[in-house]
Structures are given as C-alpha cells and as structure tokens.
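J.: Heads up, here are the entries from TrEMBL:
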TRANSMEM  26-53  transmembrane segment
DOMAIN    44-289  domain 'G-protein coupled receptors family 1 profile'
TRANSMEM  65-84  transmembrane segment
TRANSMEM  165-184  transmembrane segment
TRANSMEM  234-261  transmembrane segment
TRANSMEM  273-292  transmembrane segment
Amino acid sequence: MGLSNVIEFVANDSADSPESWLQEPFGLTLGAITLIINFFTIFSNTLIVVVFSSNTQVWESGRNFYILNLALCDLVIALVSVPLQSFRMAITQWEISIATCLIWNCLDSVVRFEISMTSTILTHDRYKLIEEPLRSLCPERLPFVVFAELYVVKNHIIPSCSSSLLEYFIPVACIVYWNAKLYIKLRRKFRRIHQQPETNNISYLATIVTSNRFRAFGKTSEIRESRHEKSRRAAIVLTMITLAIIIFRTPFFVSLLMGVFCGECVPRLVLEATISLDLALALFNPFIYAYLSGTYKDGCMQMLLNIKKRITSCCSPTSYP
C-alpha cells in the first residue's frame, strides 16, 4: 500500500455508503472491546515504566532497558494508534483530516518496527542465555536498531511488501529458527541425561566421604539446579514469545500482503478484525517480557500492593474521637 493509495483510501472513504465496508453494530462492539483492552494495556505498561524509574536494581541489566523500550512503544500504540483505530472502526465515515491519517500511519509504522526489532533482540538474548549462560546482552546492538529504524522511516513509511518483510516475516523467521534449534538441543540433552546409567552417580557419591566434599557437592548441585531453572524459564519465555507473535500478528500481515497483491480479496471487516488482534499484542508484551523477570516482577507486585493500600485507606471510613 503506497502513499497515494492511502490518500485515495481516506479521500474516497467519506463518499462510500455506511453499508459498503462495515456494519455499524460490529464496528461499535469491536471498538468498545479494543478500548477496554487498551485500558489494561496502558496500566500494565505504565507500571513497568514506574518500576524502572523507581527501582535502581533494574538499571543493572542491559536487558531491562530493552524491556523499557518495548513498554514505551506499547504505550505509544495504546495512546495513539488504538484510540484512532477504535474511532475508525466505530464510525462509517472518516471525519479526520488526511494529514492526521498520514501522521498516524507514519508513527504507527515506526513504532511497530521498533517493537519487532526489540522483540527479536530480547528473543536472541533468551536464546543466548541458554546456549551461553555467561554471555549477557551486548549494548552494541542498539545502533543496529536505530539505523534500521532510520532506514524504515526514510524508505518505508507506509506499509508495503518490503516493510512487511522487515517488520514481521524476517523477525518471525529468526524467532522460529531459534526456538526450533533450542527445542532440538534441549531434547537431545535430556535424552542423553536419561540414558546415562545410574551406577555412575552411585559410584560418584560413594567416593565423597568427607563433610567438606559433601558440602562442595551440595553447592555444585544447587548451582546446577539454578542454571537448569534459568534455562527452563528462558525456554518458556522464548516459546511464549513465538506463540504470541504468530497468533497475534500473523493474520494482519497475511491480510496485508493479500491486499497488496489482490486489493479486493480481503474484506474490510476481516482487515479491521486482524488490526485489532495485532494491537492486542501490546497488552501481552509486559506479561511475556517484564513480569517473568524476577526484578520486574517483585517491583510490580510491590507497586500493586502500595496502590491497594492507598485505595483501602481512602475507602475506609475515618474514625473520629
């Protein structure tokens, strides 16, 4: 979809009849549901930003800055794109100017691409956390994201085939590849562990006779269990990222590509539904990335407890002497 197509779409939309592209009850219902989901999206992502600004322990890891970046992008989606999209679905004619539509498309394209790149970097970090536990997220990857955004802003402001490849299909291909490779490796590892004879473990335990060696063995086993737990959590997060992106974003980009090659193949009703499903991903991003992190989870729970205490103190009747 080029720039001229967007201008023509907005200009001709007011001339169409209300029954030509979307039924009014469906539009009102879909817009209301999107706004309700958007309220929880704003609350969850704002909570992440507040925890990041108030908790200095979050600043110690470079990974948390990417989570903050993702939360800010989701806030832009929730504050700008979702209200305009809900308004677009609830009405039968586009009453806002063409310039507003173009600014909306520009901002939405850049933020969506930023979300895709940040999700890809965080997924690769989870993959490296299992492959190489001692290797952390490199801060040198940030310039790559910035230059990639500048390239998209310069050449692909309006969604097209090439921007769809950069924004969705290439990141999803990388994420699915990392997930499949990790699944095969973990399956082989656990199969190798189960095939080992138990006599080796018994003979190894029999050689430990002193208390110091018993303590050393206990510490080693605790370290191994901690590493296995981190690997298991990282694998779960990686699987959740893959499933969330495939479920929420695939219908929109498939319908977008179908609309590029065959403009009349995708009904407006289906396109609006896929856009709403894509916007709903901003609600699940905090639960996938931040709330599964120990530091963020503790900070968010503490913040929620403080909010609950303030609400109960305000609602409770005051006792006068």
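Note: Cβ is positioned from N, Cα and C throughout, glycine not excepted.
Surface or core, plus neighbours and distances: that's what I need for these features.
T.: Residues 59, 64, 67-68, 71-72, 74-75, 77-79, 82-83, 85-87, 89-92, 269, 272-273, 276, 279-280, 282-283, 285-287, 290, 296, 299-300, 303-304 of the same chain, all 6+ positions outside the transmembrane segment (26-53), place their C-beta atoms under 8 angstroms from a C-beta of that stretch.
A Cβ distance under 8 Å defines the sequence-distant neighbours of the transmembrane segment (65-84), meaning residues of its chain 6+ beyond its ends; these are 34-35, 38, 41-42, 45-46, 48-49, 52, 59, 96, 100, 104, 107-108, 111-112, 114-115, 118-119, 121-122, 125, 137, 279, 282, 285-286, 289-290, 293, 296.
Within the same chain, residues 109, 112-113, 116-117, 119-120, 123-124, 127, 130-131, 148, 152, 156, 159, 235, 238-239, 241-242, 245-246, 249-250, 253 sit at least 6 positions outside the transmembrane segment (165-184) and bring their C-beta atoms closer than 8 Å to a C-beta of that stretch.
Among residues of the same chain six or more beyond the transmembrane segment (234-261), those with a C-beta under 8 A of the stretch's C-beta atoms are 1, 119, 122-123, 126-127, 129-130, 159-161, 164, 167-169, 171-172, 175-176, 178-179, 182-183, 186, 270-271, 273-275, 277-278, 280-281, 284-285, 288-289, 292.
Long-range Cβ contacts of the transmembrane segment (273-292) within its own chain (Cβ-Cβ under 8 Å, at least 6 residues beyond either end) map to 30, 33-34, 37-38, 40-41, 44-45, 47-48, 67, 70-71, 74, 77-78, 81-82, 85, 89, 115, 119, 122, 233, 236-237, 240-241, 244-245, 248-249, 251-252, 254-255, 300.
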